[in-house]
Structures are given as C-alpha cells and as structure tokens.
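Since the structure comes first, as structure tokens, the remarks are kept for the end.
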Protein chains: 4
Amino acid sequence: MKEKVVLAYSGGLDTSVLIPWLKENYDYDVIAVCINVGQDAELIGLEERALKMGVSKVYVENVKDEFMKDYVFPMIQSGAIYESKYYLGTSIARAVIAKTLVKIAEKEGAVAICHGCTGKGNDQIRFELGIAALAPHLKVIAPWRIWDISSREEEIAYLEERGLEIPVKKDDSYSRDRNMWHISHEGLDLEDPWNAPLYDKILKLGVSPEQAPDEPTYITLTFTEGMPTHLNGEEMDPSHLLEKLNELGGANGIGIEDIVENRVVGMKSRGVYETPGGTILYKAHEELEHLTLDRETYRFKQEVALEYADLIYNGKWFTPLREALGAFVTSTQKVVTGEVKLKLYKGNVIPQGSQSPYSLYSENLASFTTGDLYDHHDATGFINLYGLPLKVRALMEASHKNNN
Amino acid sequence: MKEKVVLAYSGGLDTSVLIPWLKENYDYDVIAVCINVGQDAELIGLEERALKMGVSKVYVENVKDEFMKDYVFPMIQSGAIYESKYYLGTSIARAVIAKTLVKIAEKEGAVAICHGCTGKGNDQIRFELGIAALAPHLKVIAPWRIWDISSREEEIAYLEERGLEIPVKKDDSYSRDRNMWHISHEGLDLEDPWNAPLYDKILKLGVSPEQAPDEPTYITLTFTEGMPTHLNGEEMDPSHLLEKLNELGGANGIGIEDIVENRVVGMKSRGVYETPGGTILYKAHEELEHLTLDRETYRFKQEVALEYADLIYNGKWFTPLREALGAFVTSTQKVVTGEVKLKLYKGNVIPQGSQSPYSLYSENLASFTTGDLYDHHDATGFINLYGLPLKVRALMEASHKNNN
Amino acid sequence: MKEKVVLAYSGGLDTSVLIPWLKENYDYDVIAVCINVGQDAELIGLEERALKMGVSKVYVENVKDEFMKDYVFPMIQSGAIYESKYYLGTSIARAVIAKTLVKIAEKEGAVAICHGCTGKGNDQIRFELGIAALAPHLKVIAPWRIWDISSREEEIAYLEERGLEIPVKKDDSYSRDRNMWHISHEGLDLEDPWNAPLYDKILKLGVSPEQAPDEPTYITLTFTEGMPTHLNGEEMDPSHLLEKLNELGGANGIGIEDIVENRVVGMKSRGVYETPGGTILYKAHEELEHLTLDRETYRFKQEVALEYADLIYNGKWFTPLREALGAFVTSTQKVVTGEVKLKLYKGNVIPQGSQSPYSLYSENLASFTTGDLYDHHDATGFINLYGLPLKVRALMEASHKNNN
Amino acid sequence: MKEKVVLAYSGGLDTSVLIPWLKENYDYDVIAVCINVGQDAELIGLEERALKMGVSKVYVENVKDEFMKDYVFPMIQSGAIYESKYYLGTSIARAVIAKTLVKIAEKEGAVAICHGCTGKGNDQIRFELGIAALAPHLKVIAPWRIWDISSREEEIAYLEERGLEIPVKKDDSYSRDRNMWHISHEGLDLEDPWNAPLYDKILKLGVSPEQAPDEPTYITLTFTEGMPTHLNGEEMDPSHLLEKLNELGGANGIGIEDIVENRVVGMKSRGVYETPGGTILYKAHEELEHLTLDRETYRFKQEVALEYADLIYNGKWFTPLREALGAFVTSTQKVVTGEVKLKLYKGNVIPQGSQSPYSLYSENLASFTTGDLYDHHDATGFINLYGLPLKVRALMEASHKNNN
C-alpha cells in the first residue's frame, strides 16, 4: 500500500497541478482536503474535479462554526489588529485550516501534508508552524519552493501535457484569499503604492462608500462576556450572525482597508482587505469595553492586542504564549456584556449608544455636581501628590540654576 | 505694592467671576491672561471686558504657531491616541497654556496662578502639573475646589451683587472646549451613554457624514521628517495648514468621535470630539509610516504611542519621560518624508496612494516573481528555524503522551 | 448599641493609642484585629494588652497559609519585582490583611475600619484600596492624617494622660515591617542614601555575607506547575517550606537589598529589605522557567512581571487587571515543574543544575552536531529572510548616496 | 587581478582552515582581519601564522576603545540584559567586529566577507545582519553551512593534506568566546543542564566566590551622564577602567552566570558567562538611576531595556529601532551623574551609598515629618481618587448581588 499525502486543495489551478505532481514525484496516494471556512461558492463541483485529477479520496470539511467560535471570536475579544489596519482575515483562517489538515492526516495515517503556498508569502509559515506545533512528525511538502514551475502558463502546460482538465479560474485578475471573515486582494495595479485602488474593480463583499445607499442602516448588537450573540434582538449562531453583518456592512461600504504591511518574511506588500461584518463586530465590541473595562485593564489590554496580533499574523496560534494571552483576555471579558447600537452609513460605523449591567460609567460621578462618592476637595490632595515628583525635580533643577 | 496673581482668563462667566473673588479673598492685583490657541472668535472685546471686571492688566497671547510646532506636530509624529479614539485636543493645549501662564507670571513677578477648572476634571491636573514642573515655587489657586459657589446661577448672582457685567455665554448648552486642533462637547443628553449624540445640535467645526457633500474632495499632503509641510503642493505654515484641513475635513464630516473615556481622577466620562484636520493629518502621517518604517520600529512605536498618549492625557508633558519618548520618536521620523494622496468623503479619509524617497516597499520583492534579493528556497530554512521552538515543544509533549 | 469599628491592631504603640482615641472621638466599640502573617513573636500577650486598652473584642487571625498560597506563591510565579530589587514583602501582605479586616468587619457588622498608617507611606493606599475594592460601603479612618499627634512622645503622653499602659516597643531604632516573607528597615542613618547600611545593627532575619559560614549549603527545590512543593525531596506545606528557607537563606547571608525606591505618593524613600527564603524561591523558580518556557513566552512574561509588580506595590491586588494578569501567569506555569539544585554561600544563590519533564532544552539541538531536527543549511535561508529588511533599507540608503 | 575576500580571522584552527579553502574554492585573494576587542593574548604571532597559511594581507585592528565607547557603554546605559542574566558580551562584540570587517572590505575593495561561525549559533546572524545593514552589496561566505568538514579532526586532516601548520588551540575543552567585556563557556559537561558547572575548571577571568579573598574590596565609581569616568576618584579611559574592574571583580568572584538561554535560531543552549567588570558597572549604574530617575521614566526604561537586549542579542544593532531606543536612553541619562560606593565581596556587589547633584531623593520628604512640600491631608484626597475606580466597580458588583 502506498503512503498517503494530505493535500490542502482549493479546486483552483495552483492546487490542482499539485495532484499529478505529487503522484509523479513522491508516489503517494493523494488525499485532497478542502476546508470550508466560508468560501462556499468556490466549492461547487470540487469533489468531482479532484477525483478526475487523480486523487484517491476527497474531504470537504465545513469548519465555519469552529472557525468563528474558537478562532475569530477570541480574536475579536483580544482586539488584535495588525499594523493598525488589518483584521487578520487570512492569518486566522490558516490556523483552523492547519488544525483540520492535521486531523485528517492523522485519521488517514498520512505521512505528509502538501500546500500550494508560494515561497514569498506568510501563509506557508502559518501552515507549517501550525503543523509543527500539532504534528511535528509529519513531513511538509511545499512544491512552490521546490519545483521549476514558475508561472500560471507553466501550470497549464503541465496539466495539458498530462491530458488533465484545466480548472477555470473564476477571476484572473487580483490574487485573492476569501473566507467568511474577509477577502484580500493583491497584485496588478496595487503593486505600486502610489496607485489609488480601483475599488469598483476590486471589491467582492460590498461596495465602496460612494456606491452605498443614502439611507443609513441602524442595528443593535448584543454581547455576552465578549461574545456577540444577538443582532437586533434576535439570537444568532456565530456563522449566521457574521453572514448577516457581512451583508449589511458590505452594502454600506464598511470595512475596506488599503495597507502597505510588513510580511513575516521580510518585505513589505500592499493589499486591499474587505472585512465588512468583522469591522462592525470589532467596533461594537470596543464600544462595550469603553463602558465596562477600567482604565488600567483597558490600557494593558492594548499592549496584549499588539502581541496577540503579531502571533496570529506570524502563524503562532498554537503556542503557549497565545494560550496565555488568551487566558488574560478571557478574564477581562467577564464584564463585556451588553448592547451596542450602531449606525452604518457610507463606510462609517457610528456608535449610537451602548449599555451594560457592568457599566462603570456613573452619570452622577461624571457630571459637574458633587455627590456622595466624590468630594472636590480630594482633587487638591490628589494633584499635590500626583504632581509631587515633577515638583521635586523642578526644585532640584532650580537649585542648580541658583547655584550657577 | 500688592502681590500679583496671573489668572487664566477666557472671557466667559466661569473665569470672569474669579476676578472679583481673587481681589476680595487674596487682595492680589489680578493679571488676566488669555491664551489664544485658536479659539479666535471668542477673543473679541475680551480685553475691555476684563478691565471692566477690575483686572490691572490683560495679556492676550497668540501661541498658535508654537502650539502647532512644539506640541501638536510632535504628538502627530508619536501617533498618540488616548483609548483608541481621542486625539488629545484639550489635553495637549493645556501644556502650552501652562507654559505661557508661567512665562507671564515670571515676567510679572506674580506669586500665584489661578485657573477656573472644576474639581472633577482632567484640566486642573494638566495645569497644575505643568506649573509644578515649570515653576514649582508658584502658588496655584483653584477656586472651584475652595469656594461655595456651585452653579452658574450663583456665579451670576455673585457678579450682580457687585454690579459687574455678566458675560454673555455664547452657548448655554453643552460644556465645550475649543482650540485650533479640536473642539470637545460634554453634558446634557450625552451624559447617558445609551443616548445617540444629537450631532445636528452638537457639531461646531463641521457637519455629520450625512450632511457632507456627495462629491469627494481629493488632497495631497507632503511631509518632511514627519512634519506636514505642503497641502496640494503648496507650502503652508503649520497654523494655516491646519486651518485649511479643518475646513476641508469639517465640510466632509471627518473626525467626529463619540467616546466613553477614563479620566485621570478616576471616573468615566462621555464626550464628543471634533478633530477634522487633525484626523486627516494623523491618517496621512500613518500612511507614510507604513511605507517607510521597518516592521520592528513600527511595532515598538505603537507601544510608545500608548505611553505618549497617557502622558499627554495625564498632564505630564513637561517630564523626563515625555522628553525621552520624544527623542525616540524624532529618531524614527528621519525617513517619514514623502507624499500622501487622500480622498475625503462623508466621514471617510480614504488613502489614494503614497510615495517616499525612503520607501522600504519594493515591487520586485513583493511580487510573486523571484529576484536577486529573494530566493524562494530560503523560505524553507527560515520556516524550519522559525518554527523550531514549536516543534521542540510538540515533540516533548508527544513523548509524554507516548509514555502514558 | 454602639456602632463598631475594626481596628488593625499590632500591639505596638502606634496602634494602641488608637484605641482610646477612637472611643473618645467616634464613640465606637473598638474591635482589635491582629492578623498574623508571620510576625509570630510579636503576638505574645497581645490579646490581654488590647483588652486592657479598652477594646470590646480581640481577633488574632492566623492567615499564614492563605498568605502563602493565594498571594505570595502567585507572585513568585509572576516573577514580580519592584524597581529591580524589591520582592514586595510589605506590599503583598497588605492585600491579605485588607481582605481579613473586611471579612471580620462584615462578620461583626462594623461600620468602619481604622488603620495606623502614616500619611506619607504606601501602606495607607494598599489598605484603603483593598477595602474600597472589597467593601466599598465601609468607612475608613486614618488617624495619622487627621489628628494632632505627630510624634512618639505625644503618643506616650496621650496614653499616660489616660492612665493606660505604654506598650514596650521591642525595638526603638529603625522603622520596621515584618512578616513571614520579609522584613523591611527604614529610617535613622538609612535616610541619607550616601550612608552605607549598618547591617550588623539592621539585620533581623539573618546575617550579612561576611558573617555567613565558610561552608556552603546545598539544597534541592521541587516545583509543580510553578508552585514549590518539596525541599530536599521532602514535601512541605507552604508556610513550613518558607520558614525553612528563611532559616537557610538568613544563615547564608542571602536576600538583603538596599534600595532607593519610588513610593506611590510621589517621593523616593530608602530602605533595606531582608527576604532570605523568598530570594531563594524566586531564583529557583526562574531557573525552571529558563528550562521550560519558550523564548516568546519568557519575553512577554517579563513585561507582565513589571506590571504585576506595579499593581502589588500600588495596592491594586483586588482589581480586574491583577486577575487577568494572574490568568496569564497561571497559563504559563503548566510546564514549570521539576527540580532545581542550588548552592547557598555567603549571599550567593548559585544554580547547580535543574531538570524538568517539560524541559525544552535538547542536548542534541544545542550541540555542534547536526541532527534530525536541524539542518545547518536552513540557517542560510533563515538569515537571508531575517536580515532582509536591513538589506532593503541599506540598499535604499545606498541608492540615495549614489544619487548625490 | 584576483577578487578579494575579507576573512574574519582569529588565529585558531576554525578560521585558519578557511584560508586554503577559500583560495581553492573561490580563487580569491584572502585578507585576514583580526579584530582586537580585548582578546589580546590570543593575538601574539598571529600575523606571521596567517601569512604562512597563505593570506595576501593581514590586518590586526585594535578597536577596544571604540568597542567600549560606542557599543558597551550605551548598552550599560540602556540596562539591557538578555533573559534576566546575560550581559550580552559576545553579542555586542559582534556589532563592532561586523562594522570593522566592512570598513576594511570597503577599503580593500573586497567583494566578500567570510566568517567561521557554525550554522547553529547566533553569531552567524549577528555578523550577517551587520554586514547586510552596512554593506548590502557584499557577498557573505559561511563555510560551515556549505562544506563537508564536520569536526575538528577533519579540519586538521584538511590542513595536513596541504602541508600547512596546525594552529595549537590553547584550550581544547570548552567552546569559548572572549573579549574585554566577557568570556563565555559552552559545551562538555555544561551540555546537560542538570550538571553543576565545574567552576574551578571553567573560569578564566576570575575565581569562584569560594576562592575569593575573605577581605572585601571597597571602590567608588563616578558617572557623568550615564558614562563611567572615574574609579576611586581617578579618571580613566573606558578600556582601562574596564580592565581594572575586571581585575577587581574577577578576584572577588563577581559576575559569573550560568544560564539556559533561547538562541535566535530556535533552540535552547546552556552556557556560563564571566562578566566581572561589567557586572560591577551595571550595578553601579543602576544605583545611580534609582537615585536620579523618576518613577515613570525608570519604569518605561525597564521595557526599553528588554527590547534593547533583544536587538543586541538578535544581531540588530545597526537598525532604526536600536538607534531610536538609543535616543530614548541618551535622553534619560542627562541626570545620571554622581558617585556610587560599592563593596566587592565573594561574588557580591554590595551598594555602600550613592550621591548625585541630580538626586530626586529628599530626606525631608521621605521621613515621617511633615514639611513644606507634603501635607498629610493631601493623602486622603489622593487615595480617594486613586481608589475611585475600584470603589465604583465594587459598588456596581454589590448592586448586582443585591438584585439577586
């Protein structure tokens, strides 16, 4: 019996060509695994195509709920954003995909996992670090770092030579990665950062602010311990909640980012990201944290968010540090329960009020009036001590001036 | 000859009432100092009013350029934003005001400085820490923490009893603070965080996104070492540049934030801030940093920005730590030179491309193709070592499982 | 029936004088509570003395085990050290004392808690913040910030006037705070930082390195998930383990620190701390972390330790941030299990080897030889990508030079 | 004319063998460069040996003063220590060596630099990142990652086959790296972390605490803006100051660390470091910072120190982030001027008092007594506001309990 390789298969040209290549170069049985993290439409007919290409087995795994609950929602809670703009849509999906590939590889007794990532990107790192952490004995095959094929044309020729069907790539323009959380766009005119993005041509999940309706959309989101649970008062499971928000966000031109970012492998790249529903969720969650977290927790959590984002971006989800930061975040979320009203309008997510049973806001305290809890005179003492180090230093300096 | 007190005077009711009160309670000569940080319109007739109230001298100091160059622009360079939203408009102005008050107090040989801040806010702290740092021997008088007056009505009565003119407050609704960088709004319906802000009633520097024109405005900003110098190719001094950007930003519904924030004195408060030009400058500056800063500098600078924001918010501008962080920031800005194109549209500041002679973006490196600088095979080695700690740990864990 | 006040009572002069003072000024029933955190010897005859002074009830609460398990050990796990030197001995004890005072106040239905801390120190803050967090409705009475007594002599006079017994202060020199974790010394000649500490006169828990024996002591400590459990192979409960280590550490001149530190209330103070057993535990624990924590976890945990130390020092044990950081730390400790050998010798704690079932050290990997897990060639790829940003920047700079 | 390669040459076996290898495999003229960072003794006869081996030119560059002034002293100022123990002796030297190699390569018009580091260590990274940053066009040759030689025996055979002299390795036991700042020891019995280091066999720069004299040594160090300038009142240039301190520290058993550390390339390694003079300098400098830095500067500087240490360890000295952190540190050092007394005794560096014209310590403020600057009553106000967030939260929680 032949040894088996699990192939991360998308149905597109780049991963289809790996099937004959793996069989010829390694003499493996190829098990194609397509992991559904929300690219749904791309999955139609996929199984049949894979079998025609010569795989011995096909898995199509729907992990959408797991993706939301165990990866995306904890990330929202953490507040992680990479380099001020990127909601980590591709990065976070790689973690759940790596985990699922490993699961199937172990079930099938495969000896290797193969992926179709290029040698210049971040995704190869995310897959391979995930596999290293979860199944260190598995071999990883990354053909794009090994073989001589170096263009789309050569891929097509490779398949034609073998009489195999050429997958129709639905879109032959930008390089894209899509899942239920986001879609990314790279390449073509975006490769010059001086070019403005051609949003009319680029966008897939929604429209630009200019194309959005003139009437705003009002929504209410409910969170329980940092987890979004209801939209407009209706309880929804994670996937449906996000799908609905993607629809509303996309229609209102929300969640479009254009970024020049630093890749793990050392160079800058430029991309456009659409995260319509995700942007709404991040902003809603933040509103509730403003209301319920105390100052010092909020402040340190900002540093944790920076680190958490790095870990996700760098492919280090399955690490002790990510787990420990996760424990920190979970602890802070006990009070992040309540409702947030938002207005969606032409690219804007405008807060319309929020409330929480754990709100630390006290109208009584905030207002001008003196109440039980606050005595204006206390401020004098507070300021005197708070400013004491500045005064001590200034007096020291003054004494030097006087001596000269 | 009487001792002198320098009074931070705005021309409004709250500081006017301090004039007779200081004379009666301290027997000081009162020197009214009004520091123009961009509230311009409020200054008309101010000198005359002050003299009628009984001050012995009036200063109206225009520090707008100093405010921009020595305070606001370094803050933009630092990227400081308080609690994710607040561009520190009131906070940063307090520093230059404190410095100017001290300068005049020293020139006049005054023994004290008096301010009209309430005992529940941040501004008392910022003034008093500034004074402590710059002139520790000066006495500070904060009547709102001392006297019995506790409302607007009592202030008016106090002046009427003495036959003094009652300053007409231009706006008797929200509590506001205005300078050339921003305006803040607090109070009334904003005191309940569940209320949506009534922007039509609140806004002063611009309109809401809904009221903004349907046609976008395109601009280009030029920076030299992190300092904005040109708008649309035209060189402008700091104040005019900002004024022009306030106009454009305000007209396009940009820079409106609604925040529940944590005050230094321990409670949460809710406010609406307008920072139209400032928001544009922050975003433009950030675009250029994405292009010119390397990954690790960008990352650590994000932590510095959090600390820098705290210092400004907490009134600690004149401290060794703020200076040292400033030195860090200045060092990073050597390469933040170039141009940024932006589209302003209904609340959105949409990047339209940026360029810099110090750009670290290389189209050659970013693209799929292999070039001189990058060999795909290197990625294999990189990933193997980058992921080695995860593998070592996983093997250690696996050995435990096997032993059980 | 009179209202009750719970008095934090130590048996010394400073808290004894509070008994008549409270009765005279508040007409409360005074309940003296002495919380035993390891000052044992000072407790003899305490109950009787308190009753003679006029209290209506005395509690002597032994919380030593709770102190170790719920406060000190989590602190060791966190690695918290204040300003590089201080093992937080007084600070951390204040937390358990505040909690116990509140527990008794609630049991007794008291309306207030009274403490004898001065108005210049940190302890008043730690007590009062603890009480604020645990029982916000309780009134706090801090006589030293209220009354006119301002010296030891006046305290004695106050008691003499009332015919009350004067507690014999066992030591009338340095100002000291002692518990099972440490003892602090302040005052007298220490008040000039240019003076060398007179250790022969100061030390209470051990001897100076010069006085320590010429023969070293060898010990082995065992940890389970970051908790010390065995000394020299013998299982010990927390209190006995520490007591034994205090003995050994003290005899060997270990754990003496002389520090000029920054107090919360804004000034610097100078003190000498003895933490003999604690120093050993910190160092042993750190050895095991070097062996078992991965690089990134170790690194971020260093930042957490800084924050954790601040929180303890500042009296913020009972806060959401301390809890959340605690969750982080606990997560990291899962693998901190193993044994550490140490040599104790004249002030030195010298590691003599450590081992752990979760060790991430691999002799195979560390040595010169190439093995399965490591291919020297990978280093080339690693370095090329790791250094790529530096190269890109250098090329950019070179191109500028060439253009000039 | 042949192309030239600059060889980092130490005179030992590992770099000698590179000379014929480079000539045979690249047909380069080999220029041997030996950079004296304080390994002095190893340099005797080195030039002659290199010429006999076949190099066309030899440089012996003494960069000891530059090493101290431009690298080590700024590092001391930063407080950088890697993983709590390592004073970065080898790491920091690699920076100045890389810089000097580049300088000579440019002077000679060489096309490549060759080093003899193994493929498992950190030093290859430090050299190559330094070269990438300073001379990106230079080729780097790292034979240990290329050739087939894999042991000392094979090296000797390689030289014997060519009739070349075999350099006598002075010490054939531990793997060592020495410069004026430190010496490191790895290998042999140290490769098992459960083994106690055999200090009698290992140590080169001094003795163990047990072997140190029974009489302490007292010294005084003077700093000006964070730079050590005088020992016992005598002005000394950097190199001589350090040499003298190495002598005193070594004799007193100071500065010996045994650490299991995380290498950049992903594995843990175990080493013993001797940094006798350096340990004294770090501790003295820290004493002065305790006296002269305010609390917040000290605190943030601790975070900077962690980052600074990583950068040095990781070979990133010539980076914008290191420069920017350097600017931060320099700014903080303006006040780190004064004198520190120390007692050196059997491994201990015991502070004996310090003083500074910029001291922020005020005996008046620290002591029990109330003075001009401090009013005990202020503490009440301070604590009330400082603890307000805890109280607000506790009341919120209490209200929940009451509702249930």
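Each residue, glycine too, has its Cβ placed from N, Cα and C.
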Listed co-binder of ATP (same site as B:Ala8, B:Tyr9, B:Ser10, B:Gly11, B:Gly12, B:Leu13, B:Asp14, B:Thr15, B:Ser16, source TrEMBL) among B:Gly89, B:Gly109, B:Gly116, B:Gly119: B:Gly116
Which of B:Tyr86, B:Tyr273, the listed binding-site residues, has fewest other Cβ atoms within 10 Å: B:Tyr86
Rounded distance in angstrom between the Cα atoms of B:Ser175 (L-citrulline binding site) and B:Thr118 (L-aspartate binding site): 12
Shell list (ATP; ref centroid = CB of B:Ala8, B:Tyr9, B:Ser10, B:Gly11, B:Gly12, B:Leu13, B:Asp14, B:Thr15, B:Ser16, B:Gly116; cutoff 8 A): B:Val17, B:Leu18, B:Pro167
Cβ within 8 Å of the mean position of the Cβ atoms of B:Thr118, B:Asn122, B:Asp123: remaining residues of the chain near L-aspartate: B:Cys117, B:Lys120, B:Gly121, B:Gln124, B:Ile125, B:Arg126
Alpha-carbon distance [B:Arg126 (L-citrulline binding site); B:Asp14 (ATP binding site)] in Å: 18
Three-class DSSP secondary structure - B:Asp14 (ATP binding site): helix
Cα-nearest neighbour of B:Asn122 (L-citrulline binding site) within the listed binding-site residues, B:Ala8, B:Gly12, B:Ser16: B:Ala8
Packing count at B:Ser10 (ATP binding site) (other Cβ atoms within 10 Å of its Cβ): 19
Rounded inter-Cα distance in Å - B:Ser184 (L-citrulline binding site), B:Asp123 (L-aspartate binding site): 13
Cα-Cα distance linking B:Thr118 (L-aspartate binding site) and B:Gly12 (ATP binding site), given in Å to the nearest integer: 14
Pairwise CA distance, B:Asp123 (L-aspartate binding site) versus B:Ser10 (ATP binding site), rounded so that it is a whole Å: 14
Nearest recorded site to B:Ser16 (ATP binding site) by CA-CA distance, among binding-site residues B:Tyr86, B:Thr118, B:Arg126, B:Glu261, B:Tyr273: B:Thr118
